[in-house]
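Participant: Handing you a structure now.
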Amino acid sequence: MAGHDNLNGSTEKSGSGMDDLPTFNAENMQNNMKVILYSRTFMAIIGGVIAGILGLTSLTGFIFYFLVMAITSVALTTKAKFSIHSYFDSWNRIVFDGFFGGLMSFVLFWTFAYDIVHIF
Amino acid sequence: MAEDLVLDTAIRDWVLIPLSVVMVLIGVLRYFVSKLMKGSSQLPDPKIVKEGQVIIRARSLRAGANYIPAKSFRARKAYYSNEENGLLHVPKGQAQNPQAQMFSDPNMAMDMMKKNLSMIIPQTLTFAWVNFFFSGFVAAKIPFPLTQRFRAMLQNGIDLSTVDVSYVSSRSWYFLNLFGLRGLFSLILGEENATDDTQRMMQMSGFGMDPSKTLGAEKDGLDIVQHEWALPKFEQRAEAVLRKLVK
């Protein structure tokens with residue numbers, strides 16, 4: 001899958017796990033969220049172009065988007081070395097954040113690539 | 001579903017691709033122009049900056065209240081919200097009327113206007129340009145079916161009811177670009193461009209706000225914080241760690 005090289009953004013350790021008390025560094029958290037948003041947008045655009053070139057239409061395209069997002073989630077989890085809670089406050093962050101924001105970019109680039117390659 | 005239309009490749013080369021490229025370039029241009037305008041503005045009033053910093057400090061005290069001992073918290077709280085000379089205490093009658101402040105500082109209104117203009121002018125120009133050159137083209141086809149209800153949205157500028165809804169007119173392609181390129185801009189221009197709009201909204205809402213009011217609100221917030229030390233076993237833990245080190 002293209003574009004996993006962008007996951008090298010700094011995901012800093014933000015939890016210190018003292019007496020199982022949740023301690024977070026707000027700035028690092030925000031940085032982590034930014035990295036997630038960034039990689040999701042990137043993957044949405046790349047995925048859109050790929051879907052367009054492959055000529056996927058209607059439902060297949062949206063399934064492809066879900067697939068790309070799932071791959072991104074898995075990649076982010078791997079990048080966090082499967083210890084989500086030392087980087088984010090909940091699972092929702094890594095699974096759902098930026099999901100719908102990316103959809104618009106995905107549709108645009110999907111349409112663009114599809115039109116250039118297929119309909120003319 | 002109607003049978004497929006055959007579109008001329010010239011439409012692709014001279015409408016679809018130029019339109020998209022121009023949209024991207026205009027976004028980049030707008031970013032740099034607004035940056036240029038922002039850079040030329042002068043320094044803000046030191047008093048306002050000071051008040052903002054005090055508020056941030058009080059806020060972080062409130063957030064981290066449970067991580068310091070009760071005594072330290074009380075001392076800091078007194079420092080901020082003391083009735084006589086606390087930092088957050090604003091004497092009555094000294095609060096400046098925001099309306100008057102706005103008139104005394106024309107730069108503020110000027111800045112707002114510049115920002116809005118740098119937003120509106122390129123959009124109006126591009127829209128006029130698209131309307132003038134590319135009105136009435138079927139420029140693109142979205143790769144998924146939609147219901148009739150989307151016809152007004154996607155075939156803006158074409159008055160044919162027999163064309164399949166998934167065909168997009170050039171004017172609507174412009175709108176799709178307008179909304180969909182936000183993600184791309186956040187990638188190529190950095191994060192601040194994406195947050196620009198929301199920040200502007202924040203400024204709008206905070207524009208008419210009285211700084212003394214925020215100070216007062218922060219003071220009230222600090223007053224009602226229940227202090228509960230989160231690290232009661234801290235000393236034992238430190239002792240254990242030190243003992244291990246000594247051994």
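Positions of Cβ are set from backbone N, Cα and C atoms, glycine also.
Pulled from TrEMBL, these are the listed features:
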- A:37-56: transmembrane segment (TRANSMEM)
- A:62-82: transmembrane segment (TRANSMEM)
- A:94-114: transmembrane segment (TRANSMEM)
Participant: Taking a Cβ cut-off under 8 Å, which residues six or more beyond the ends of the transmembrane segment (A:62-82) line up next to it in the same chain?
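Facilitator: Apart from its flanks, the transmembrane segment (A:62-82) reaches 1, 4, 7, 11, 36, 39-40, 43-44, 46-48, 50-51, 56, 88, 94-95, 99, 102-103, 106.
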Participant: Below 8 angstroms Cβ to Cβ, which residues of this chain, lying six or more residues outside the transmembrane segment (A:37-56), approach it?
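Facilitator: Distal contacts: 2-3, 6-7, 9, 64-65, 68-69, 71-72, 75-76, 97-99, 101-103, 105-118.
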